[in-house]
Amino acid sequence: MSYHEEERHGGNGLDWFEESMSSLLAADVDLAGGGGDAGGGGYAWWWAASPAAQQDDIGSVVAQTLSPPSTAAPAAASPSIASPAASSPSDVPSSSSKKRKSPAHRAPGHTGGKKGGGGKGGGGGSDRDMRWAEQLLNPCAVAVEAGNLSRVQHLFYVLGELESFSGDANHRLAAHGLRALARWLPAAVGPAAAAAVRVPPCSERPTTAFAAAEPRLFRASLIRFHEVSPWFALPNALANAAIAQASTCGAAGATPRPLHVVDLGVSHGVQWPTLLESLTRQPGGRAPPSVRLTVVGPGATATSPVAPFSASPPGYDFSPHLLRYAKSINLDLRISRAATLDDAVPGDDGEALVVCLQFRLGHAAAEERREVLRKARGLNPELVVLSELDSGVGVVGGDGGSAAGEFAARLELLWRFLESTSAAFKGKDVEERRLLEAEAGAILAAADVAAAGEGREGWRERMAAAGFEEAPFGAEAVESARSLLRKYDSGWEMSAPSPAAAAVALRWKGQPVSFCSLWRPAA
């Protein structure tokens, strides 16, 4: 796909991305029926089967795989999956033509989730009995942690037959989960033992790494994701509303002050055009006299690898675009970059300082979280915006939990991402979706650093310990967020703030995804 860039001026907050979007929409072709060879070969029975029959077949494979071995006679092997007991690694299919095809190849009419149809659709279904990938991956994680290599090998064979980065949410989860378990295996059992386990090769072309993508594709993917999914868009909208209010102390008719935003997040500039535009529409038409944006790099925490979605590719720089846009709406904008929060130097006393901590701190180790919050408190900000995943698990090693249990929690969260992106992209296998899903899959990395998140209650305790007190969202901000959510798939919902919980939570089909909360320095 080719992305051509040209400078744009004026218009709304996303005009500076217009070229990316036009290229993206031109390339948005439904590939659901374009993959695979229709010849069928030895697997025509699989392609020709109805979706219900396909699901039943996979269900029987899962049941057979997870059932205890019979003492009387060995169970019959699946028509497609070789029995590890009777097969050597060389017998395992290594070509996509020897694997079960994904639904994108089998069912040209399938479009995944769609607006108004998120209740049971969206790429694989929400019911536990339909989520076969987790039924295979979680026992495999337990086997890896226990060092049960024969069990690991057996499940690797089965997962290798069913995985597909272009299939429905189950097939894609199997693909991401299998690769994550294969990377974890040497650390769990030792390199020598891990070398004896054969990892089925992936026959599909590898997806470009998020931080190594072509800059125009990277930018267009972020924009498209905000257009079709509220995963980041809703927390960003809530943050922007709170920041705009902070610039005037929340008082109607108050004189706007210079605004300084410290961005320790994952928006890569996509969040800010909307904020800049809203600042020019303040009551009385009085925008802040100046706006300063300090972007804190992905190395602000020592976590390795860096938090998903936090790194950008070499050559990607949103600053020139954003500066041109600010100039077109007569806003004085300055952009600087900081390696850590230590370099985010506050400005004048009259400056409204807001620190945005969005989707990065939750991937850091417990001590790093405390240190970053301590530094944020030291800046004495007017407001802190905290947006994080709402998975409700704790740091591994800190609560006695097992690595396999942590893997299961991360797998649950990744399922929600994959199922919701199926709905967002209407089942289409496009490069932008693959790029985003590959980065989201990084959450399955070996669970030896930090958890996927610790839930709202855990963060409330952590913020209070750092010297902050929770602040409520304005009614207008909440209503605007609710209105924004209506443009997305009906599987999305948000829980409004209450006296007991001031944060706004985002949910997919009733299950928690993330929350956005506001904090001020405690008196």
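Counting begins at 1 with the first residue displayed.
The backbone N, Cα and C atoms fix where each Cβ goes, and this holds for glycine too.
Annotated features, as they stand in Swiss-Prot:
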{"type": "COMPBIAS", "residues": "67-96", "note": "compositional bias 'Low complexity'"}
{"type": "COMPBIAS", "residues": "97-108", "note": "compositional bias 'Basic residues'"}
{"type": "REGION", "residues": "64-130", "note": "region 'Disordered'"}
{"type": "REGION", "residues": "131-203", "note": "region 'Leucine repeat I (LRI)'"}
{"type": "REGION", "residues": "222-295", "note": "region 'VHIID'"}
{"type": "REGION", "residues": "317-343", "note": "region 'Leucine repeat II (LRII)'"}
{"type": "REGION", "residues": "353-442", "note": "region 'PFYRE'"}
{"type": "REGION", "residues": "445-520", "note": "region 'SAW'"}
{"type": "MOTIF", "residues": "259-263", "note": "motif 'VHIID'"}
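The listed stretches are 131-203, 222-295, 353-442, 445-520; of these, 222-295 has the most Cβ pairs under 8 Å to the region 'Leucine repeat II (LRII)' (317-343).
Outside the motif 'VHIID' (259-263), and at least 6 residues removed from its termini, the chain residues within Cβ reach (under 8 Å) are 243, 246-247, 271, 275, 279, 288, 290-296, 338, 341, 344, 346-347, 351-356, 379, 381. For the region 'Leucine repeat I (LRI)' (131-203), the most Cβ-contacting stretch among 222-295, 353-442, 445-520 is 353-442 (pairs under 8 Å). Break the motif 'VHIID' (259-263) down by DSSP state and the numbers are 0 helix, 5 strand, 0 coil.
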